[in-house]
Structure formats: C-alpha cells, structure tokens
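Notes to accompany the following structure.
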Amino acid sequence: MSALKKRKITEKQPETNSDSEAESVSSRGSAKDETQTSGEEPAPAKSFKELGIIDQLCEACENMGYKAPTPIQSQAIPLALEGRDVIGLAETGSGKTAAFALPMLQALMEAPQTLFGLVLAPTRELAYQISQAFETLGSTIGVRCAVIVGGMDMVAQSIALGKKPHIIVATPGRLLDHLENTKGFSLRNLKYLAIDEADRLLDMDFGESLDKIIRILPRTRHTYLFSATMSTKVESLQRASLSNPVRVSVSSKYQTVSTLQSSYICIPHKHKNLYLVYLLNEFAGQSAIIFTTTVHETQRVAFMLRALGFGAIPLHGQLSQSARLGALGKFRSRSRDILVATDVAARGLDIPSVDVVFNFDLPMDSKTYIHRVGRTARAGKSGVAISFVTQYDVEVWLRIEHALSKKLPEYQVEKDEVMVMSERVAEASRQATIEMKSFDEKKGARGKKFGKGKRSRDDMDQEEG
C-alpha cells in the first residue's frame with residue numbers, strides 16, 4: 001500500500017472470463033438493508049484521515065478545498081471502506097460525490113485495474129462534473145476517466161472506452177448503447193458501481209435502461225446508491241442492485257438546511273418583472289439563480305435582464321450541449337453572475353457558491369422546491385431563497401409550506417421603490433418580446449427538421465425543461 005502512494009497507478013487489464021455472467025435483477029435483493037440516521041451518529045469527523053482515507057487522497061481533498069468531511073461523508077465513507085454496499089440519503093450540496101469517489105479511488109489504488117468503476121448519473125452536465133471530481137481527486141495517481149453521455153459521437157466514445165479508463169461516468173441510455181453495440185466493450189470485471197441522484201434517474205424514466213445495465217454487470221461488486229429522497233421506485237432499485245446494504249441518512253424527506261434564509265414575496269402577477277429587477281439590485285454583486293418553469297420564460301427573462309445591463313445567461317434543455325456547458329462555465333467563473341434556469345439546474349450541477357435563489361415561477365410540488373433552494377446555503381454556507389407568490393400561486397405556496405411544516409416569513413419591500421423602475425423594465429420587456437419572436441422561429445425550424453414525439457434513448461439524459 002505504501003508503495004502505491006508514491007507512484008501512479010500501474011493497472012492490470014481485466015481478464016475476459018465468459019464464466020463471469022451477469023446476475024438477474026432480483027437476485028441481489030433478498031437481504032434487508034440496515035438503517036442508521038444522522039441523529040444516531042456522532043458529530044462529523046474532523047478530518048478525512050480520521051475516516052480511514054489514505055494520506056495521498058487526504059492531500060487531494062485539501063487541494064480541492066475540502067476542509068473537513070460533511071455528515072454524509074462521515075457516515076458513508078467508513079462503511080464503504082469496510083466493503084459494505086451503501087445507500088446514502090442526503091440533501092443537495094451535502095458532498096455526496098466525494099462520499100462515493102474517495103472509497104472507490106482508495107480501492108483502485110489498492111488493486112489497480114482498468115474498467116474498475118462505473119458511475120451512473122441522470123444528466124450530461126452532472127456526468128461531466130463527477131468525472132472532473134474523480135480526475136481531480138485522483139490526479140496524483142493518474143486516474144483516467146471516460147464520460148459516456150448522449151449527444152456525443154459514438155465512435156469517439158468507443159475509442160475512449162477502447163483505451164480502458166479506470167472510471168466510466170455515464171448516463172444510462174448511452175452506456176447501454178455501447179454495452180449492446182460496441183465491439184470488445186465489456187464490464188464483466190467491474191468492481192464498483194455508484195448510482196448518483198437515483199430518484200432523479202427514475203423520474204427521468206431511466207428505469208428500463210437501469211434494469212438492463214444491472215443485469216449485465218457482474219454479480220460480485222460493491223454498489224453505492226445516493227439519492228435525495230427514498231421513493232418507492234428507489235426502494236425497488238435498491239433491492240435490485242445492492243447486496244445487504246447499510247443505509248445512512250442526514251436529511252428528512254422535506255427539509256431545508258439551517259443556514260438557508262427562505263422567504264416569499266406576495267405580488268401582483270403583472271409586476272413580477274419589476275419586483276425581480278428590484279431584488280436583483282438589492283442583491284447586486286451576489287450570484288443568483290432565477291428559476292422558471294418553461295424554456296420560453298427562461299429565455300424571455302434572460303433577454304429582459306440583458307437589456308437592463310445584467311449579466312444574465314439562460315440554461316435549459318433546448319440549448320445545445322456545448323451551449324449548456326458554456327453557460328455553466330461562465331456562471332462558475334463569475335464572468336456572469338445571474339443564471340436563469342428551468343429545473344434542469346435544480347439538481348446535481350456543480351455550482352458551489354450561489355448566494356441567492358429566486359423562485360420567479362413557483363414549482364408545482366414541494367420536492368422540486370427543496371431541490372431548487374438547495375442550490376444555495378451549501379456545505380455550511382449561508383444563503384437566501386425568495387419565492388414569488390402571485391394571486392394565482394397561493395394554493396401552491398400553502399401546499400409547499402404544509403410540506404415544510406412551517407410558515408415562511410414574507411420578504412418586505414417598499415412598493416414605491418419598486419415602481420421607480422417601471423418604465424425601464426417595460427421597455428426591456430418589449431425588447432425581450434421582439435427577441436423571443438426570433439428565438440421561437442428558430443426553435444420551430446428545429447422542430448420541423450428533427451420532428452417531435454417520444455424522446456430516444458440517446459436524448460433521455462437531456463432534460464426537456
């Protein structure tokens with residue numbers, strides 16, 4: 001082990017053994033999982049070394065700015081290092097990626113092998129971010145990752161797989177395409193599987209692809225499943241994919257973190273634009289995500305804010321993959337400080353320092369509300385979330401408060417101060433309407449070109465919102 005710490009990974013190629021056949025989906029689910037919650041556990045560990053992480057990876061954690069393990073890391077990592085299958089239930093921004101990446105990398109160092117680990121994620125952006133985390137944490141040991149997602153060239157991906165990476169990070173649809181069609185590609189010797197954002201994977205109808213992948217993977221493996229919630233579908237996936245797992249939890253079903261200041265603002269629907277601009281000026285200089293419910297509204301709000309001089313960029317599922325990654329890159333680097341987004345940005349994206357979340361359009365359910373406001377107040381930092389409640393949203397807002405089991409305070413503003421900007425905002429809205437006409441025409445042309453209907457397997461990891 002000590003020798004491995006001082007050199008890069010020199011791996012053996014996995015042997016191709018036709019006797020290593022895939023299990024059936026139901027064969028691993030006979031044992032019940034144990035349960036332990038954060039309330040039963042001691043305080044989080046003070047260091048990764050205390051959890052059993054080796055010095056080389058501890059140093060990588062320091063380089064990434066991980067000062068101390070988060071609660072989910074403190075609970076999950078020791079169990080994973082013991083060789084247990086783990087189910088991790090934790091809120092967005094709790095450090096789930098490192099909770100499965102560190103044990104996987106440590107095991108890779110102890111027994112170097114190509115095609116060692118597989119991580120399944122629901123969206124293309126999340127897959128790239130997980131891969132980046134693996135490569136950064138494993139940089140001193142020469143870890144190689146391949147990202148296999150829809151919308152990219154199959155041949156180039158086949159070449160990347162042919163180079164035998166240590167870790168594959170993939171969305172289920174495209175991975176299954178390669179397992180079924182790419183000559184010479186096999187995961188029969190895979191040692192580790194991590195399923196991230198499991199509830200989101202199943203919400204996006206990846207269930208059939210997951211079922212097929214799990215049947216193909218070897219029976220003898222370590223599996224980690226991480227999810228924000230434990231739904232009936234996730235329970236079924238757990239029974240199908242994990243063997244005698246232990247469950248760790250640091251959040252309840254509908255819970256926001258204590259460092260989050262959540263409030264609402266009650267306004268007439270016709271003045272939503274005005275109040276948004278007023279609040280953005282109130283929080284000037286801070287990074288913000290503005291959530292909307294439709295692609296059209298995302299683009300319109302972004303156009304309007306740009307006309308007013310704000311550094312706003314849109315993010316939604318109808319942008320090209322390169323445009324989406326470009327938008328995220330600009331927002332992370334703070335060259336743009338306002339992201340206008342559909343719920344494509346509510347889960348799993350690596351945006352570590354969002355100061356404010358605005359629910360410009362209310363989500364229709366409490367679960368989505370939790371995921372949206374989870375973009376701020378992450379990893380112990382404070383954050384603000386303000387929801388716009390118009391005369392049409394009262395019933396939805398009351399349902400959200402009921403699910404949270406608390407009444408949230410109203411954010412107070414002076415109406416006269418808000419109305420000062422009315423003429424400028426009205427003009428910016430008119431400009432946005434003109435730009436939207438051009439946007440809708442282009443979108444219509446794309447629809448005629450490519451046709452409509454049920455999404456293909458290749459497009460399932462690109463959210464429609």
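Even glycines carry a Cβ here, placed using N, Cα and C.
According to Swiss-Prot, the features are:
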| type | residues | note |
| --- | --- | --- |
| COMPBIAS | 15-29 | compositional bias 'Polar residues' |
| COMPBIAS | 445-455 | compositional bias 'Basic residues' |
| DOMAIN | 77-248 | domain 'Helicase ATP-binding' |
| DOMAIN | 275-419 | domain 'Helicase C-terminal' |
| MOTIF | 46-74 | motif 'Q motif' |
| MOTIF | 196-199 | motif 'DEAD box' |
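Counting residues of the motif 'DEAD box' (196-199) by DSSP class, helix then strand then coil, yields 2 helix, 0 strand, 2 coil. As a summary of secondary structure, the domain 'Helicase C-terminal' (275-419) carries 60 helix, 26 strand, 59 coil according to DSSP. Note: the motif 'Q motif' (46-74) comprises 16 helix, 0 strand, 13 coil (DSSP; helix = H, G, I, strand = E, B). Mean pLDDT of the predicted structure over the motif 'DEAD box' (196-199): 87.
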